[in-house]
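Visitor: Just dropping this structure here.
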Amino acid sequence: MNQTSMLYGQRIQLETTAEEEEPMELLVEEWSGSSSTKLTRTAIITASPSSIAIRRSGTRFNQFSRRFLQAFIEAGYPSSVTPDYAPFQMWDLMQGLSTYIRTMLSTQALLSAIGVGEKSATVIGATFQWFLRDLTGMLGGILFTFYQGSNLDSNAKMWRLIADFMNDLGMLMDLVSPLFPSAFVFIVCLGSLSRSFTGVASGATRAALTQHFALQNNAADISAKEGSQETVATMIGMALGMLLAHVTMGYPLAIWLSFLSLTMFHMYANYKAVRCLSLTTLNCERSSILLLHFLKTGQVLSPEQVSVMEHVLPLWVSSWSSKNTKFLHTRVRLGVRVSSLNHQEMVSLMESSGSHYKKAKYLLLEQNGTVSIVMHKDSIATDVLQAFLHALVMANLFDEHKSAHSESHSWMDEHYQKLVVKLQSSGWKTERLLSPSIIWKANWMPSSDKKIEETMSEIAMQIWLDYHYAMRASPFLTTQNK
């Protein structure tokens, strides 16, 4: 028995020793990609205590091309960006290419007009002309930002087109400038002023569009890769532009035909680019389109459907081209100044409000077919959206009913929350309304008694007294009135 146990123990010891002496191997697979995109196996690694073997998948060219594309393609593409990113980028790069080609033609004309290559030209004269050109552009950019800076977010598509049109206009003036030597500085400054609008509007709208494309909070990555793509387009465009400038040198007709042809293609590519966009934010026009469709059908349109219906050109152009189009949002004034209303309008406003405005952060007033919105000083972004949609409902009811106030209140109480839920389920962002900045707000306390008219009379009298006190206190205003 003891001998059998001894033999069994020796056998176990021999097997254990054999297992310990047998070399261990580890098999590791290497994969490339992110969790949001398709993973690709790039290598299989076999490791042992004495050696390591790496077997790579694909050729060196494939590996190099993957690394090279990382400078131009976003991480996780295509699932990290919106579906409209690729077509927009394609058309945007095409229009950028045409811009850089034309830049060489306009710059050549500008330099020849300044006197580059002529013995009679002076360095100080050319420097002064270039300084005036740049100074005008800088001042123009500041003025444009002052007047339209807050409106760029709400109409990104329209301002994108306007920016490129102004850029075309600036290049055209540079090309025309040599034909009018006596007015050269004036024409060049106008061209620089035109391009300054382009710089502000294009940069601001590009930032808004980058935020739209970023599905995974990767706006910085998208912006960096767009910069790389634009750099390549710039280099190709400059090379082609230099070639075209060399070929057409001394042939004004060929220069103008090339410039005008490229300009027409540039505007077409820009139009196609903004038409590809399906923005999910709510601005005034998109809200109007969505509400009118909801009033008729009870359903909410998708961002792709609305993008086909909304206008990318200025309203005066759209009104001229389609006279029967109903621009409901143009009948709403957001952020009206309270002191601009007369006493009767204030009384009418409070009489028609009822109990609805006791909990709302806005007031609505009908003025000659237009709905004016007075926002409360404590209102937030969602209150602005609610006020605007309420005003759209009221404006739509003016054509059909006389009691638009009461019916619009009833509609909001019954359908507003349903509309918001359907908007969110369709992919719309309902956190805010993209609109020009609301400068004027007000504060009010709903009266619990029935003497609304007396209360409003006191407010109107106080406004009148404050105004006349200010007139008397200001010597400048008093002198002007005399």
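Just so you know, glycine gets a Cβ as well, placed from its N, Cα and C.
Curation plays no part in TrEMBL annotations; they are all automatic predictions.
Feature table excerpt (TrEMBL):
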- 62-297: domain 'Protein root UVB sensitive/RUS' (DOMAIN)
- 169-193: transmembrane segment (TRANSMEM)
- 253-271: transmembrane segment (TRANSMEM)
- 329-444: domain 'Root UVB sensitive protein C-terminal' (DOMAIN)
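A description of the local structural setting of each listed feature is requested, covering burial, neighbours and distances.
Guide: Confidence in the domain 'Protein root UVB sensitive/RUS' (62-297), given as mean pLDDT, stands at 86.
Counting residues 6+ beyond its ends, the transmembrane segment (253-271) has Cβ neighbours under 8 Å at 91-92, 94-95, 98-99, 101-102, 105-106, 109, 160-161, 164-165, 168, 171-172, 175, 244, 247, 312 in the same chain.
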Visitor: Based on DSSP, tally up the residues of the domain 'Root UVB sensitive protein C-terminal' (329-444) by helix, strand and coil.
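Guide: The composition, in the requested order, is 60 helix, 23 strand, 33 coil.
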